[in-house]
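In what follows, a single structure is set out as structure tokens and then discussed.
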Amino acid sequence: MGDPTGEPGSSMHGVTGREQSFAFSVASPIVHTDKTAKFDLPVDTEHKATVFKLFSFSKPHMRTFHLSWISFSTCFVSTFAAAPLVPIIRENLNLTKQDIGNAGVASVSGSIFSRLVMGAVCDLLGPRYGCAFLVMLSAPTVFSMSFVSGAAGFITVRFMIGFCLATFVSCQYWMSTMFNSQIIGLVNGTAAGWGNMGGGITQLLMPVVYEIIRRAGASAFTAWRIAFFVPGWLHIIMGILVLTLGQDLPDGNRAALEKAGEVAKDKFGKIMWYAVTNYRTWIFVLLYGYSMGVELSTDNVIAEYFFDRFHLKLHTAGLIAACFGMANFFARPAGGWASDFSAKYFGMRGRLWTLWIIQTAGGLFCVWLGRANTLVTAVVAMVLFSLGAQAACGATFAIVPFVSRRALGIISGLTGAGGNFGSGLTQLLFFSTNQFTTEEGLTWMGVMIVGCTLPVAFIHFPQWGSMFLPPSKDPVKSTEEHYYASEWTEQEKQKNMHQGSLRFAENAKSEGGRRVRSAATPPDSTPNNV
Amino acid sequence: MAIHTLLFASLLIFSLIPSSREGNKGRLFSVLQNSLDVTVLEAGKDMVTIKWKLKSSGKVDADATFKTIQVKLCYAPISQVDRPWRKTHNELFKDKTCPHEIVSKPYDKTPQSLDWTVDLDIPTGTYFVRAYGIDGDGQEVAYGQSSDEGRTKNLFSVQAISGGHVSLDIASILFSVFSVVSLLVFFVKEKKKAKLEQRE
């Protein structure tokens, strides 16, 4: 699946927990291993690794993986660093509930735009500089928390810090230059999930750092400002590590100059058109807003909620809140895996049902969280809610690669932006006004999750069907080739620009489910092991 | 997975500790007797003088059950607007009007006076002072406050410290500049190196 030439969109393969060819190594005969290359990991002809060795730091592939996910995670740490300290900050800055809510909305809004720009930045400067530039130029925004004296300053600084979440794009982009597209699904999914963990790590890190500074003698209103230096230093450290230890491509850094012009780039306007006119894109934008979006919203409100509702100490509330974000470590990959597993027996219909079940379950647990009156029930409900929401993120991106082959990059970007938009919206509706208490807000957010997950039923592929409808009976329209080739005009087809889509269509036949799998295996498909 | 299970388990253990303290739920503020007289006088830049005594107009043995006197700093309604974490509830265990304790001492039947320096972590706001008479079981039995019942009279305001320091601002600027400058230095150096190597 995917193709090794690096066409637009192939870098976004995955962002899922596991893709169809879920494997730690490439077993396909069409990927030729380059035996002359001297790398620690086996590589293909482009010197991209064909094996994903998690606990290795071998240069350059695994080193890139670790630099990349840790940088992304650092940005999550600083974006959500204020959240667990809000009980202190709100007293220092005399904030109202609206101010706190607006700051939360601001923290996730900036990256809607910065993520869109980041793709171009990576094209221009390469992912290594893209990542380093973003991380080191956003360090001043983190340090500027020490100057904040009121609501306006607080909201502005949280907005500016939020821009650094665009490291998501540089992370995925960088992975795609280092890892073969057959395993990029797992690699990208792991990197994304572990990056999101930063939103959980910060809930525990910041209260602990605050406590230490307090004990060292600082007053409360000074201690939280000093605590912000820690994420600021992390930015600087990661930026320097990326610059000194990282490299853009397996063979070095300057090869990018030589490679320019090798790949015929597709026209942005055309790709945008196919992305925007495919109705499934918009359903996924909505869906991701209620899996990733609610995850981000919860990262912002959950520590304060436990602190206020259950009269906990700051670091106890932080510990509980951390459990929410840290579940990403395995929950997101698990969602992708569940999708792949159901696809084995029920094809695309299985994937759609899996997504609906997981995301709806998450919504119901969110309702339970809002209604929980004792600490223990609240914690249990929160953990189950986190599993549901995060696994749904993984399951979403297990389907997105099939929505379009030509416009995958833009659709992935739009879906990601939908996540941030959903987060801003839920925070604005439920956590910024006096209309709802936080527990009521959580309950209604859960109800909204269930409601906004229903549109999964409308996702229909002519070649595979949908949740309730069978595939099209038309002999032409019910082929994978027809669906993916329909994104190209006749003129483009005559120039053979659609070859990548046809190869993809061939590999995608397994989404038909068991009945297709039992037919003769196509010669160039990857065996589904594990 | 193991780390997560460990966190979850230790979390359950943590949670069992506070839940056992919820024995005296349900005690209402409205059942308390207003038998204490509390007055507050501003006594300097960051000091207030608080005086409390048993009300002479009340019953003679109204303080028979008092074992401890707890004096607290409380938010006036104007400081509670749009801030649900300071909300007044009738159930005492839920009530968040008076989160800051000033002093808690054994009850002495004589009138008391205290010069209190406002803590550094008291936020900007409008306040009054309330004293609770607490019996041997730790239950509130009576109260008195420096304001009226509607909490609109005899209020005083506190202007908090900002928490900022010049040294903090300087450190912040230094690290920010370091970040930007080191990035640019790296970038320029590498570009120069690449140009040199290309010429060779």
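Every residue, even glycine, has its Cβ placed from backbone N, Cα and C.
Annotated features in TrEMBL:
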TRANSMEM  A:67-88  transmembrane segment
TRANSMEM  A:129-148  transmembrane segment
TRANSMEM  A:154-174  transmembrane segment
TRANSMEM  A:186-206  transmembrane segment
TRANSMEM  A:226-245  transmembrane segment
TRANSMEM  A:271-290  transmembrane segment
TRANSMEM  A:310-331  transmembrane segment
TRANSMEM  A:352-370  transmembrane segment
TRANSMEM  A:376-400  transmembrane segment
TRANSMEM  A:407-430  transmembrane segment
TRANSMEM  A:442-461  transmembrane segment
REGION    A:487-530  region 'Disordered'
Positions whose Cβ lies under 8 angstroms from the transmembrane segment (A:226-245), at least six residues beyond its ends:
63, 67, 70-71, 74-75, 77-78, 81, 85, 128, 131-132, 135-136, 138-139, 142-143, 145-146, 164, 202, 205-206, 209-210, 213, 218
Interface present between the transmembrane segment (A:442-461) and the transmembrane segment (A:310-331) (three or more C-beta pairs under 8 A):
no
State the residues, same chain only, that lie 6 or more residues beyond the ends of the transmembrane segment (A:129-148) and have a CB under 8 A from a CB inside it; answer 'none' if no residue qualifies.
67-68, 71, 74-75, 78, 81-82, 93, 114, 118, 121-122, 154, 157, 160-161, 163-164, 166-167, 169-171, 173-174, 225-226, 228-229, 231-232, 235-236, 238-240, 242-243, 246, 248
Recorded stretch, among A:67-88, A:154-174, A:376-400, A:407-430, maximising Cβ pairs under 8 Å relative to the transmembrane segment (A:271-290):
A:407-430
Count, for each of A:352-370, A:376-400, A:407-430, the Cβ pairs lying under 8 Å from the transmembrane segment (A:442-461), and report the range with the highest count.
A:352-370
Of the stretches A:67-88, A:154-174, A:186-206, A:376-400, A:407-430, which racks up the most C-beta pairs under 8 Å with the transmembrane segment (A:352-370)?
A:376-400
Where among A:154-174, A:186-206, A:407-430 do we find the most Cβ pairs under 8 Å to the transmembrane segment (A:67-88)?
A:186-206
